[in-house]
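A.B. asks: Here it is, the structure in full.
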Amino acid sequence: MPPKRRHHGAGRVQNKRGKVDTVKEEIKPKDEPVETEIDGGSAVDEDVTDDLEHKTSKEDQKEDQKEEDGPIDAQNGTSETKVAGESVKTVEDKIESVTTNEEVVESPVNDYNASSTTTKAEEKQLEEEANEKTDTSPIVENEVVDEEAGTTKFDFDGQEYSYKDRPSVIEEKEGKIEFRVVNNDNSKENMMVLTGLKNIFQKQLPKMPKEYIARLVYDRSHLSMAVVRKPLTVVGGITYRPFDKREFAEIVFCAISSTEQVRGYGAHLMNHLKDYVRATSPIKYFLTYADNYAIGYFKKQGFTKEITLDKNVWMGYIKDYEGGTLMQCSMLPRIRYLDAAKILLLQEAAIRRKIRSISQSHIVRPGLKQFLDLDNIKPIDPMTIPGLKEAGWTPEMDELAQRPKRGPHYAAMQNLLTELQNHAAAWPFLQPVNKEEVPDYYEFIKEPMDLSSMEMKLNGNRYEKMENFIYDARLIFNNCRAYNGENTSYFKYANRLEKFFNSKVKEIPEYSHLVD
């Protein structure tokens, strides 16, 4: 085995979208034979015919019993995966030929209706809940849907509320796209959809081994939800593995084609998946490993780094990805996620109604007469201003309000830090160096620094001047170059990130002299 390189920063190389790059191969139970892989390197994927079928054998039947057999046995692993996107030594050197005399597994997805509109009963229930402990008048009046603009408006207590649908929602309503749940059931159309998903995952996750992606997408213990543009063009999807008895599912791959992004497909796809899973299974939680580029997406979809699910439930059952961040989503049982925009507006409307019942903040009073003559403005007692006393205002509040919450350079520092964190060369510097991985690092580097520590200091108002902020940024670059040799990738990453940082500082005239 080659010696480990010294490095600055925890983790391994990650890809830019979706999942992390480096895989620890899933290990099988003792009584389970090694499963065969499907070749993911073939380029002739669009001409899928009836002879493209996945294996079904006694090995598959044992694979399906994994959940009942117990956690993964770490002593029986027979495959090896190299780190950071290097070549993968798979279990078998030659892919098995696909058999055709197999028993067809019935798909569990046929009964799913991916409609994005609520029933009248659901709407009525939502209205009753939002109207609880208030008057019994209808919560929504004069609802108007503008299909051309993709907006919906309604009146509530005389106030107009509106929300705009994502382009993906509009396309679904117009019948241009659909969301299909598919698995490897030997049907020609489902195999074509799965192959389209495989191609997207392999393209969007370039550091992930192609044969590994193919094996999991075609694996019958996994399901996939695909975004399909009619007639049959796959533009993205999610592959996941359900553990019904343990009430959670593992999201294995999630990606949208690079040509179809920024249209809301990712968020709409996740909402469809949540509603489908809750409607067809006892699953209440999602778990997934996300790289640094995917964490933001998953946070927006309700995922968190705080894992509340008991380790005994999932440990040993999900695939472990080196360098990834484990995230969890707890699904709400009484929410239909496809209607989240309307539900949030209804909640806002109900809260505003409650506020109006106990406050006068909605009352608009006339302006002060003292300002009619701008040439002769006289001081006034604030307590004589109509409504101010009723709102609970005191002079002490004014003193607190006038204190600056942030330093004068905070906004510029925050923008610079965000730019640094999002740069492609920043991944080794996002977190402190792991002492267990690099034992002698803190003996050699006496003043360590990383981007997450800078973020904590910035949020704690510990940077009084821009010079202090730049000093810490320089610490990151100098520490890396001091510890790593010139020929290492980390040394080069530090140079790239420093050059980018200097260019960004120079774009701000009042600070440009600090990097000359």
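Just so it is clear, glycine is given a Cβ too, placed from its N, Cα and C backbone atoms.
Relevant sequence annotations retrieved from Swiss-Prot are reproduced here:
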type: COMPBIAS; residues: 1-17; note: compositional bias 'Basic residues'
type: REGION; residues: 1-136; note: region 'Disordered'
type: COMPBIAS; residues: 18-33; note: compositional bias 'Basic and acidic residues'
type: COMPBIAS; residues: 34-50; note: compositional bias 'Acidic residues'
type: COMPBIAS; residues: 51-69; note: compositional bias 'Basic and acidic residues'
type: COMPBIAS; residues: 97-110; note: compositional bias 'Low complexity'
type: ACT_SITE; residues: E250; note: active site, proton donor/acceptor
type: BINDING; residues: C254, A255, I256, Q261, V262, R263, G264, Y265, G266, A267, Y293, A294, I295, G296; note: acetyl-CoA binding site
A.B. asks: Taking only the residues the record lists as binding acetyl-CoA, namely C254, A255, I256, Q261, V262, R263, G264, Y265, G266, A267, Y293, A294, I295, G296, what is the largest Cα to Cα distance between any two of them, in Å to the nearest whole number?
C.D. replies: 19
A.B. asks: How far is it from G266 (acetyl-CoA binding site) to E250 (active site, proton donor/acceptor), counting Cα to Cα, in Å?
C.D. replies: 17
A.B. asks: Hey, does DSSP put G266 (acetyl-CoA binding site) in a helix, a strand, or just coil?
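C.D. replies: Helix, per DSSP.
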A.B. asks: Which one is it: of the binding-site residues C254, I256, V262, I295, which Cβ has the fewest other Cβ atoms within 10 Å in this structure?
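C.D. replies: Per-residue Cβ counts within 10 Å for the binding-site residues C254, I256, V262, I295 bottom out at V262.
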A.B. asks: Here the binding-site residues are G264, G266; which one has the lowest number of other Cβ atoms no more than 10 Å from its Cβ?
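C.D. replies: Across G264, G266, these binding-site residues, the one with fewest Cβ atoms within 10 Å is G264.
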A.B. asks: Please report how many Å separate the Cα atom of Y293 (acetyl-CoA binding site) from that of E250 (active site, proton donor/acceptor), as a whole number.
C.D. replies: 19
A.B. asks: Can you see whether DSSP assigns the residue listed as 'active site, proton donor/acceptor' to helix, strand or coil?
C.D. replies: strand
